[in-house]
């Protein structure tokens with residue numbers, strides 16, 4: 001028979017089982033926490049109609065869509081979970097209760113060029129809260145609260161939320177006489193990459209030196225959150241600006257009320273996020289000491305989720321963890337390896353087939369007691385059996401022979417320390 | 001703006017959030033139980049190379065494959081989890097420990113004609129145990145043990161495993177002078193659909209009346225499992241037949257040893273399964289009283305998993321739950337609706353904005369105490385707020401006004417009974 005060389009397509013993450021266990025554990029913590037805060041699950045088809053995926057039109061992402069080959073050429077793989085959410089909320093509008101809090105953990109697809117750390121298939125873990133006509137600003141604080149709890153449970157280094165408000169920025173630029181702030185925002189967005197001096201130079205070209213200086217002074221500051229908010233209220237009397245300051249202040253206060261420590265929050269006026277999508281609160285999240293890997297969870301508030309699919313006004317706020325990329329980065333930093341451990345604590349090894357039934361009796365008992373226990377019943381030499389336990393990283397083994405069976409006892413051997421504890425069957 | 005009518009592609013399951021909660025709960029029970037028995041997770045890309053998916057060639061399923069449109073036309077969506085498993089085990093052979101116990105829960109894709117209860121995207125929940133060169137027959141009993149525990153936890157009606165052995169069947173047919181048993185097996189496989197009399201008639205055409213009678217007598221019997229096995233050992237001295245009986249006997253004994261009640265097992269000589277794939281043990285699983293929906297979990301043992309991708313001999317045994325189809329059927333039977341309940345037990349409703357901070361204080365406390373509690377901070381009339389609680393099916397509400405805040409107390413109202421319990425904040 002001709003043998004086909006086994007390999008995946010390029011640009012996907014495929015893990016070994018022991019790494020997959022860690023990945024799944026992270027995913028489970030994310031999901032359980034989303035649910036603890038009453039976000040409801042949705043699960044939409046990976047394949048959507050083209051008319052849905054291309055409804056908005058014109059984005060960079062759409063060039064990367066994987067189309068399904070068929071006569072009608074009318075289906076493709078989703079490239080994010082936001083378009084499916086907009087479609088879902090519009091389609092099921094009558095059956096949903098608003099504010100609608102949903103989470104969605106699923107794979108999305110992009111025909112990226114093959115590049116280290118860029119994936120063609122990757123997990124997104126999204127939470128969004130969708131209102132009908134209006135949505136309380138409290139929700140903008142709830143999302144980081146949920147994310148904060150997730151990263152605390154994940155037991156990685158501490159995180160910092162950088163938050164800002166787009167109304168505040170747009171109001172500020174308007175007060176400087178800048179009507180179309182697109183290019184200015186784009187420049188500020190690059191600040192952490194290009195440095196403050198280059199930012200100043202680029203801004204000088206877009207405006208003038210004096211305005212550039214004002215902007216740079218505005219986005220660079222070392223005030224505490226409270227000090228900064230205090231100053232902002234007095235900074236300008238532009239209406240939009242003040243609305244933004246008021247919102248930012250409320251989000252910050254609610255974040256504190258919900259138990260996020262002030263140390264983990266940084267109001268950062270240089271955070272801009274997705275230039276055409278967000279309209280109010282914006283966030284990025286950084287792992288302290290690992291800021292270079294970029295934001296691990298971003299998002300913000302948008303005015304209307306589903307203008308392509310519905311006449312309803314559906315304002316919302318969302319955050320998203322790009323789990324595949326995050327896992328890749330944590331793995332590169334060596335933060336994953338230390339979390340790998342065996343799924344099995346104890347392995348039972350009967351010496352020959354006549355012991356099997358007794359061995360299974362012990363297996364059942366230990367399993368009923370909540371132990372993570374497995375049995376090795378394959379044929380082969382003793383060395384092969386011990387080798388299996390060793391390669392699987394199983395710490396304790398129970399070896400059973402005629403003697404143990406006749407006395408109805410067994411002993412647990414610790415593979416690391418060599419320590420051995422004998423037990424009567426009754427003591428299980 | 002032009003509005004696109006929001007809809008999914010045809011032939012997919014998309015649930016409302018409250019149904020999705022039940023679906024996910026079932027999925028979680030399956031996953032947790034797989035893991036409890038030390039099956040390791042794998043997660044492979046939904047897109048595979050065509051050379052992998054088409055390696056075996058010639059099957060019905062392959063006509064239904066969704067190809068990705070691209071210049072190179074070399075990728076498609078997987079149609080099951082078995083081909084990806086074969087590819088995975090071959091590719092990562094050096095890094096795996098055998099027997100390799102893996103589970104895989106994921107979506108698969110088939111271009112089915114649009115038909116009720118047939119899906120183009122559906123979940124499979126597979127467990128397989130793969131040996132290297134050999135694999136103990138014990139593993140054939142472990143799989144139904146895991147499945148038994150899952151259905152017990154799911155709290156649906158009891159299930160019955162129907163088990164059989166292909167060596168036994170082939171040995172039996174050989175002893176009757178039938179060398180190519182393909183058509184006979186196919187006829188027997190239809191027995192439950194067409195009835196025993198039609199089966200007899202079809203078999204008579206394939207062989208002769210006497211042989212048909214012998215086959216029908218063989219596959220139809222009302223013996224207990226032990227009686228049947230006892231008779232089988234004496235039934236024929238065909239070597240393959242006796243090997244099959246010995247294996248079936250061992251699987252049955254191990255199933256009993258592992259705690260599956262005899263009542264939930266039926267050795268059924270009419271079970272044949274996948275004509276060209278399985279080579280020894282075969283199983284089907286039926287929900288008692290709902291046999292008409294067909295087998296809800298099937299599988300069997302195969303001689304070599306990955307002959308297309310590897311020179312290694314990799315015998316295995318597997319079972320699979322088709323979760324999407326199962327959920328659809330349970331829903332049709334009305335067994336899902338009764339499991340729907342709200343994710344939120346208590347909803348806190350502050351009467352106006354000045355109470356918000358006090359309300360969040362109570363929220364934090366109750367959440368820390370492990371309560372499933374949410375807060376409603378949207379603007380609107382009191383009736384709208386209560387309506388939200390009602391529509392979400394939330395049983396208990398805490399309504400907070402000035403008075404409650406000043407006394408630092410609150411009362412929990414039961415929406416069903418109308419009962420109201422007042423508490424001091426300290427009593428939380």
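Here the Cβ of each residue, glycine as well, is placed from N, Cα and C on the backbone.
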Per TrEMBL, B:80, B:81, B:82, B:124, B:128, B:273, B:277, B:278 bind L-histidine; matching candidate in B:110, B:113, B:118: B:110
Within the predicted model, mean pLDDT of the domain 'Aminoacyl-transfer RNA synthetases class-II family profile' (B:22-350): 94
All-chain count of other Cβ atoms within 10 Å of residue B:80 (L-histidine binding site): 16
CB within-chain contacts under 8 A for residue B:82 (L-histidine binding site), separation at least 6: B:126, B:128, B:318
Three-state secondary structure, residue B:82 (L-histidine binding site) (per DSSP): helix
DSSP state at residue B:124 (L-histidine binding site), helix/strand/coil: strand
Structural state of residue B:278 (L-histidine binding site), classified by DSSP into three states: coil
Reduced DSSP assignment, residue B:273 (L-histidine binding site): coil
Cα-Cα distance, maximum over B:80, B:81, B:82, B:110, B:124, B:128, B:273, B:277, B:278, record's L-histidine binders, Å: 22
